[in-house]
Amino acid sequence: MPLLTELHKKCMDKELEIMILSDIILGFVLISQICVGFIGNSLLFGFYVYLYFIQSHLRKPIDLIFMHLTLVNVVAITFMLTPDIMSSFGVRNALNDVGCKAVLYINRVTRGVSLCVTSFLSTVQALTISPRNSKWAWIKSKLSMCIFPSLLFFWILNMLIYIHVIQVVTARSNFTLVGHGYSQVYCQTKQFGLKCSGSYLSIIVTRDLLFVVLMICTSLYMVSVLHRHHRTARHLHSPSLSKQPSPESKATCSILVLVSCFVLLFCLSNFITLYTFYTPRKNPKLDAITVILSSCYPIIAISQRALNGHSDTPHFVLEQKSPHNDLYEGKKNHVAIENLKWGRLN
């Protein structure tokens, strides 16, 4: 018996060491994510603020959307990752009921706003590069007036949706939550019935599907416009640059990469969240995976924008443009396509 007790104690100690080591590794992974995401989005936010308020002659309406999106990403990443980082390094019971309600509410609202603004950004870009004879041309002149009301609407919509979080979230107690509900490192939901949870989740799923489908449709529309423009504007490219990828190809690649990453990460994150919500026994590791997946897209988007934003100078803007030239309109569209690759449009 003493030998079995000693072996059992050693096994328990070994498992404890593995758990502590895995928590530390997770903590450093989350720290790296919050550093890249926070610093990258903060720098971009400062850049767009500088353009919008200081370099007003370079200001474009879409800069307001980028400025808003980067700020929302900074807040979302901070409130999403900080609790899990603290828990990974052994901080226990860091949040009381009020803290849980505030942190989780801000986290959910900013994530929802980020989804809405990202989809709205894709829509604005699609409308901007649409041909003047398209059925959406009449909206172009009104885009700048729609930006601020749309951003305000997204905030109000998500703040109303997630009021439910304030009502049901409490600080995590000593016992393990069993049944339907949300459980995080410091917070958990009160027990509530299937009818209430089903109504709440149906609203969120409807919003998510609406904006994700809108993003996919506008992105596919942009790809089709870029493809048609590439076929009709080959003569605008200099012969010396014929072997290089065209701005249309680069913009198409950026669109497909970002949208594919967003949809994949978004679907995986939501699937795991729904699974943990309905599974009887909660697994803390799944919550960490959800946090990692949810914070990946803002980091990927920042990296993609940084790589494409200053990679080359738009060579065609140096070409002479004349209002009497038949190619004048095509060149203006060409400039818009290169700006799309850069992430900024008129």
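All positions are counted from 1 along the displayed chain.
Quick reminder: no glycine exception, Cβ is built from N, Cα and C everywhere.
Look at TrEMBL and you will find 24-52 (among others) tagged as transmembrane segment.
What TrEMBL records for 40-312 is domain 'G-protein coupled receptors family 1 profile'. Averaged across the domain 'G-protein coupled receptors family 1 profile' (40-312), the predicted model reaches a pLDDT of 81.
The transmembrane segment annotation in TrEMBL covers 64-82 (among others). Under 8 Å from some Cβ of the transmembrane segment (64-82) lie the Cβ atoms of residues 30, 33-34, 37-38, 41-42, 44-45, 48-49, 52, 103, 106-107, 110-111, 113-114, 117-118, 120-121, 124, 147-148, 151, 291, 294-295, 298, 302, 343-344, all in the same chain and six or more residues away from its ends.
Here TrEMBL flags 112-131 (among others) as transmembrane segment.
According to TrEMBL, the feature transmembrane segment maps to 143-165 (among others). Packing against the transmembrane segment (143-165) from elsewhere in the chain are residues 61-62, 64-65, 68, 101, 104-105, 108-109, 112-113, 116-117, 120, 124, 127-128, 200, 203-204, 207: each is 6 or more residues past its ends and has a CB under 8 Å from a CB in it.
Summarising the annotation, TrEMBL assigns transmembrane segment to 209-226 (among others).
Residues or ranges marked as transmembrane segment in TrEMBL: 253-278 (among others).
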Tertiary contacts of the transmembrane segment (209-226), defined by C-beta under 8 angstroms and 6+ residue spacing from its ends, are 115-116, 118-119, 122-123, 125-126, 129-131, 248, 251-252, 255-256, 259, 262-263, 266, 337, 340
